[in-house]
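J.: Before I ask anything, let me first share the structure, which is written out below as structure tokens.
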Amino acid sequence: MIAWSTARYRWRTLLGSFVALALGIGLLASAAIVIASAKAQPDPRYSDAEVLVAPAVVGETSTLAERRLPWTPDKADRLVDELSEAEGVRAVAADLAFPVEVLRGDDQLSDAADDEQLGHNWSSRLLGDDELVDGVAPTGAREAVVPDAYGVEPGDRVALSTPTGRSDVTVAGTSTGSSVYVADQVATRWSTGSGAIGLVLEEHADETQVAEEVRGIVGGDASVLTGADRSTLENAVDRSNRNVGAQLLSAMGVMSSFVSVFVVATTFAFVVSQRRREIGLLRAIGATPRQVRRMLLGEAVVVGVVGSLVGAVLGLVGAPLLGRWMVDAGMQARDWEPTTIVVPLAGSVLTGITVAFVGVLAASRRAARTSPLQVLRESSVEHRAMTTARWVVGVLAGVLGIGLAAGTPTAEGGAVAGLAVGAVAAFVTALTLLAPLYLPLVVRLLCPGRATAAELARAETAVGVRRIASLIAPVLVTVAFTVTITGMTNTMEEAFSQDARSDVPTDRVVVPDDESVGVSDATVRAANESGARVAADLPTGVVVGGEWHDALGSERIAVERGAIAVSAGQARDRGWADGDRVRLSWADGRASSVRVIVTGDVPAPITLDRRQAREHDPAAVADVGYLDTQGAAGLADALSPTYATVEATGAYESADNADEGRLLRLFVVVLLGLSMGFTALAIANTMLMATGERRSDFGVLRMVGATGRQIRRYVGVEAVIVVLIGSVLGIVVAVPALYGIAAGLGDDLGFDVAVAMDWRAVAAVVAGCLTIAVAAGVLPARARTTN
């Protein structure tokens, strides 16, 4: 009851905590709903197939999905015939997929995502809900059915751009959905085998019995999937988007929870400081330390419950908006819908109450130690700025930061970033807790002379150093992590781009236009016929001993058909010797015996003849072509019809690096936006409370002759000093970590990596902190000094 009454009476004091908690839990609830609703779903193309059959697993993809070795077209046809005889099966079809873009003249009608395969065989249409809107099925080699959304009609002419080149076709019909359909015999030539066979069952068929019969037909190597297990064959683009979104949402949730704890802890620390006399009076009339502690914890629970419930409402409203934005940004599955709501909301509310409770623990323990004699105190001088807890935790945090910073340059892979961020967090904690030791000296250096504002700033730091430290803390945190996040992403992006360019063996490259599916075989032929020499490597793979190995089909070295060239390290790892014969499966599922050629000069650990790679992997896409001859006459004119251009290697950026760079920048914008929003709240809350606490100080200044304008100027100067100190300290703790990251990347990549700072972003954040701090200090001071 006392906690509820005091919370109602001091609502202005607790407003900052309430707003921070409500916004933090709102963001957390939105992120939780989006994550909980982002479950793996079967590819929409298989929506009508109650049973799916997938080939054997041979490894993992870059997104940690199962990599499967497709069936050859002949084997897929045999399985379709056998499965059609199963009881309760109405229709069976194998899916043959390939990458394609659709063009009409110079207009690109399709917009396939990276690695998305829009092309399919017509018979696979029955596995999903795509329906023919107009026209007829494609039967000839020069016919296709395209989405009705393209705005074309049966009889129109369009071009299909595939990895092998451009094919002009007639639109046989239009359909719902986003797939491009061709005749089965055409899809057989353009696809790399079949990755799935779907079964559509009779209306009253028993799905479980059919699945058991199917397992007996296909054997133990294949996977028979029913119900929710069909999500194993989730669309690759949706899976990738979902994984990216989960990383961002996790970071958002952690940041919102952390800042909420920070603001609540700061608020209640001030509350305890402001209420020393009130708590002393309670102790004097018989309140026990336990009762004082329980009162403050009760106030925190009140704030936590109310703030969390408001946050839950905000999360409920914000989740659909956040989810759709992430879909548009390529960070969530394209068919995402908010489906799971109750559990995320309940978890967010409990988290909010816990955050409020944890945030006030330290303040409640300090309040419980308040002496009854505090009721007699009038002075606000801090008699003991450095407590034992500050000494212990601050020193330990500093030691931890030094250890993490020292280990950053020698760390491997993703541990580099983790150690660097951990070091910055540890140093920020140490500087915040140990601030009473160095702040008076820093302020004396920044505010020399006998000016009134300077003397007041020095005096205020001497008697209220913990208040100044609390004001600096949010600025320090924000600037430190701004420098770290922007510097880390810029440094990594520059390093990886430089590494990618260093792998390019020529000064100029041939790159595909947006209308093309990679550097096509037609582009290579056109360039070679013009007198130039272009090598466009094909990324593919082989299966040896049941395991997938990435391989490259290349013309940069001579590899005879029926052989593979391997590096010495690969040969040593596999136990191969030059001239050995090994049996392997190609990317399309065909098996053969090949001769091993061990050499030290190979573009990839396993390299094969490009023509053979294309024969076994028709859907393989070459991202870039290496141009050996720069002065070939008419090269630009020869490449234009094939949708390719020539670029200098220094300007080239691979599609993968470009997409990763886009996502990194998007991550930075989102995280910095959240950071600035919460920082604005933390600074404003701390400044407002600090200004309110100094009402008597302003009164004394007015009594000795200071005008309201002079007091506001002093408050503004103090805010500038606070932001300046916090910004400088933030940069100081972050820059060494960035040099550690650069050193670690340099060791991994084999060349010197320079730190790439984004000073514009840092300047914008500092300016934002300065504006917020001055406004949050001067405006309340204006109200306090009006009379």
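Cβ atoms are placed via backbone N, Cα and C, with glycine included.
TrEMBL does not curate its annotations; it predicts them automatically.
Pulled the feature table from TrEMBL, pasting it below:
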DOMAIN    252-372  domain 'ABC3 transporter permease C-terminal'
DOMAIN    670-783  domain 'ABC3 transporter permease C-terminal'
TRANSMEM  248-273  transmembrane segment
TRANSMEM  300-321  transmembrane segment
TRANSMEM  341-364  transmembrane segment
TRANSMEM  385-407  transmembrane segment
TRANSMEM  419-447  transmembrane segment
TRANSMEM  468-488  transmembrane segment
TRANSMEM  663-688  transmembrane segment
TRANSMEM  719-741  transmembrane segment
TRANSMEM  761-781  transmembrane segment
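A description of the local structural setting of each listed feature is requested, covering burial, neighbours and distances.
T.: Residue counts for the domain 'ABC3 transporter permease C-terminal' (252-372) under DSSP, helix first, then strand, then coil, are 100 helix, 0 strand, 21 coil.
Proximity of distant same-chain residues to the transmembrane segment (385-407), defined by a Cβ-Cβ separation under 8 Å and at least 6 residues beyond the stretch ends, is recorded for 362, 419-420, 422-427, 429-430, 432-434, 436-437, 465-466, 733, 736-737, 740.
Here the transmembrane segment (468-488) has long-range neighbours at 262, 266, 269-270, 417, 420-421, 424, 427-428, 431-432, 435-436, 439, 443, 460-461, 668, 671-672, 675-676, 679, 682-683, 686-687, 690, 719, 722-723, 725-727, 729-731, 733-735, 737-738, 741, 755-758, 761-762, 765-766, 769, 773, meaning same-chain residues at least 6 beyond its ends whose C-beta is under 8 angstroms from one of its own.
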J.: Under 8 Å, at least three CB pairs between the transmembrane segment (761-781) and the transmembrane segment (663-688) (pairs 6 or more apart)?
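T.: Yes, the stretches contact each other.
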J.: Of the residues in the domain 'ABC3 transporter permease C-terminal' (670-783), how many are helix, strand and coil by DSSP?
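T.: Counting residues per DSSP class in the domain 'ABC3 transporter permease C-terminal' (670-783), I get 100 helix, 0 strand, 14 coil.
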